[in-house]
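Here the structure is laid out as structure tokens; the discussion comes afterwards.
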């Protein structure tokens, strides 16, 4: 006769511990339970977390450490955080469905293992004029090269994020999707290309994908939690403040840092975070929610014969039309889809003629403010028709120009105010003019931190640093230097900065001169493009100092570039390649490979926009 064994006697918990655990997790969802299991697994992997004398029975842990054969690899290729959020939501959906998934940033993905992937999901954003997210550049380059392997045993799906105000909308997503298919991979689901209002499309895509994968992949048990551990550990330090739940901070300082004669209006902005506990690191960005200019709202309403007091529904809430336009919809960015929809409503011949010529349509949208398009082709619309044209308001991201080692409960940003004229009428950027013109000291401002682990100072404070940041691209390097100063970092620092004029546009001049005097800033090279007959830019200074730049690289220097993605960043990269060819003794192909290796080693990082 065999005596039955109580199930609880097999557990490494006492009855009291089991009761407490059940009470604590009784109201947890399946996703939360999976997250918690992964969190605990991650804890025991950390050195020192197994108590002396404690034993772990192999029989009780075997299932937790067995990696399933068909693991879903989910790659997040994010520039501003949106792709990362979609990927995290998909991961949570898959975990809730008990499907094994490994979420990895594109910058951390060992892309040469792609030939072994069975199930591959990519959420990819596009930056600038069709470029992949900075963290995905190496993966994108590898996949589109001759080195990419056949993927006949791989099934995949791609979700692309972009902005229809740019010509090459969602190009990175299209590139990944098309190339994976070319390499023989099976498409699980048609690619989705989402605009800035991506949430509904993303939710639908996630639901469809989970259904497809549930029919294809065996449901797993504890292995899911083990695979989720990496993501779980990342989330325990997350802030309660986010894009959807921003901090109500205090607007503290608005100081113009360009001279009276400058063609540019650049502001140093300081925001008081109070006792919120909101934390950030050098390299992070500040997300800023803003309101449109009431004068612009009124101008648009009058052109469309609307009063502004019409009741409309926004996210299920009734609002006056004027308030909805002020706080919930983009008014300072025109796009080709908006022009197309407005042409259909207005039946304006000039606008309709653009529809057959995509380049002309895109150019018109980029050059013509929305309100001026309406002025050129006025038509009487209902409030609902107007809102149906517009995109939801999105926050703007600014590279943080301070370190909390110095600024403590403040966050600083450097804002180039967008101002221009269109047919004799003054126009301005939505967020930049909000910060420069419409906020007063002590006003509330809604902000959040967008973390950027792809733009970080070296872990070793003795490592040399080369910083290349013309214009407002200097912002994160102010944060870098504050941090290096506070850390007593012994590594050398070299700044390349450029702007039109020395006397009018030398941003934070006194601070840089102090760092030079104190010896913290080893070198500073300045390029003033309009102070002489021939224009000089930072890329020219890089070539001029190429021999020493190469010596620094050979000594392990980390390279950082911040600023304009469309021209400056490309020109700087060409200059760096020229330096590597000339002083490194390589041909162009070898130089390109060398720079790619620096990127993979996190020694070449860019924050471009």
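We number each residue from 1, going along the chain as drawn.
For all residues, glycine too, the Cβ spot is worked out from N, Cα and C.
Remember, predicted model here, so these are calculated numbers, not experimental data.
Listed by Swiss-Prot as binding NADP(+) are 529, 530, 535, 536, 537, 538, 539; the candidate from 487, 564, 571, 578 that the record includes in that site is 571. Around the Cβ of residue 414 (FAD binding site), the same chain contributes 257, 266, 267, 268, 269, 398, 399, 401, 472, 474, 475, 478, 507, each under 8 angstroms and 6 or more positions distant in sequence. Annotation note: residue 571 (NADP(+) binding site) sits in a helical segment as assigned by DSSP.
Using Cα positions, the member of the binding-site residues 78, 82, 125, 539, 571 nearest to residue 431 (FAD binding site) is identified as 82. On the 0 to 100 pLDDT scale, the domain 'FAD-binding FR-type' (244-458) averages 97 in this prediction.
Straight-line distance linking the Cα atoms of residue 535 (NADP(+) binding site) and residue 82 (FMN binding site), rounded to a whole number, equals 38 Å. Nothing from the binding-site residues 78, 332, 396, 416, 429 places its Cα within 10 Å of the Cα belonging to residue 537 (NADP(+) binding site). Between the candidate binding-site residues, 398, 537, 609, the densest Cβ environment within 10 Å is the one around 398. Closest by Cα distance to residue 536 (NADP(+) binding site), from the binding-site residues 80, 125, 332, 609, is 609.
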